[in-house]
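According to TrEMBL, the transmembrane segment annotation covers 16-40, 52-70, 82-106, 118-138, 150-167, 173-190, 195-212, 280-300, 312-338, 344-367.
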Amino acid sequence: MGQRFRLEKLDKKPHNLLLVISTVAILGTGLAMLLSSSFYRGMILFQDPFRFFKNQVVFAGVGLGLAYGISRIPVDFIRKSVPFLLVGSYLSLLLVFVPGIGLTLMGATRWLNLGFTSIQPSEFVKITMVLYLAFILSKKQDQLNDLGNTLLPPFLAAAGFVFLVVIQNDFSSAIFMAVMAMLMFFIAGVRMMYFTALVTITLPLGLLALLTEEYRVQRIITFIAPHRDPTGAGFQVLSSQQALASGGFWGRGIGQGVRKLGNLPEAYSDFVFAVVGEEAGFIGVLGVVVLFAVFAVAGYRIAMSRGVSFTGFAAFGLTSLILFQSLTNFAVVVGLIPATGIPLPFFSSGGSSLLSTLIIVGLLGAFSRQGDSTLEAENG
């Protein structure tokens, strides 16, 4: 993993084209499904059936603008900005605990009140964590066996992020971030002995945090036996599975789903994929999965083209962020794992999720545009 080599001039266009096409296709499909899934809820809550859709379109427009702007930023500037992003991310996670600035909803303190809207810092901190780990692990490729000077600082930085997210009552995001951090250490080529020790330390701590909160234990029980309380704790899971099953092969038709009419909580956010299954059927579900697969191929091609470098590690980690979030959401909706609260990128209602996703697209665009360079210079 520590081998250094020169990158020849890259054929950038295929990477960019596939990234752009897949992004536009997923975003367009996501907006269409959000309109369908949120129509009823918007009417009930706000007497405006387009309320959630209009908000999402605004965030999509802002996000696309950010993505384009970020894609034009020199990679060297992005890399040098990582330490400042690290400090800013820690501050944003701490600010949610400041009265008048932080918002607490449903027992979770995860949001910053900006007046005109609110944002969830942890969605953006995931990006910073990946960039920071890529920055450190690529810069010190020849010193990966140095536990104290090379591995301990990034481990503590990632652990700090995870801890702050846990105490915000966002356990699922914390676990997700811990898994992503371990993935980054693994692909960087950290010795298996250290990697195994990392897993050995992290796993018991995760189990302890899981068992210390009653609602987390209840989620596990509900996942194992949802039929024990079909009108209470198990209602969400069972409704999701029923929506998927009712769609058959071709689906009821876009906009024709019935489970979203009060029988599928969070139909426009965490469980929008169930609406896809009901209205577009198996063929629609397969189509969405294929779109995410194409996006992942585009991202991983960019990562592979950049090699052992900051951009290579960052592209791999950022692509994995979107892919793993998608797979996690799919698994929850079909009943393979307990409910996590992790949204489906591009589809679920929520400005923070959509903005962070499109920022990732912009970063991947910036990494794909970098042509003639040497890895020695990039890692210097």
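Using N, Cα and C of the backbone, Cβ positions are placed for all residues, glycine too.
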Top partner of the transmembrane segment (16-40) among 173-190, 312-338, 344-367 - counted as Cβ pairs under 8 Å: 344-367
Remote residues contacting the transmembrane segment (118-138) - C-beta distance under 8 A, at least 6 residues beyond either end: 78-79, 82-83, 85-86, 88-89, 92-93, 95-96, 103, 110-112, 144, 150, 153-154, 157-158, 161, 165, 168, 170, 173, 176-177, 180-181, 184-185, 188, 190, 308-314, 317-318, 321, 350-353, 355-356, 359-360, 363, 378-379
Annotated stretches the transmembrane segment (82-106) and the transmembrane segment (52-70) touching (3 or more Cβ pairs under 8 Å): no
Of 52-70, 150-167, 344-367, whichever stretch has the most CB pairs under 8 A to the transmembrane segment (280-300): 344-367
Maximum Cβ pairs under 8 Å to the transmembrane segment (52-70) - stretch from the list 150-167, 312-338, 344-367: 344-367
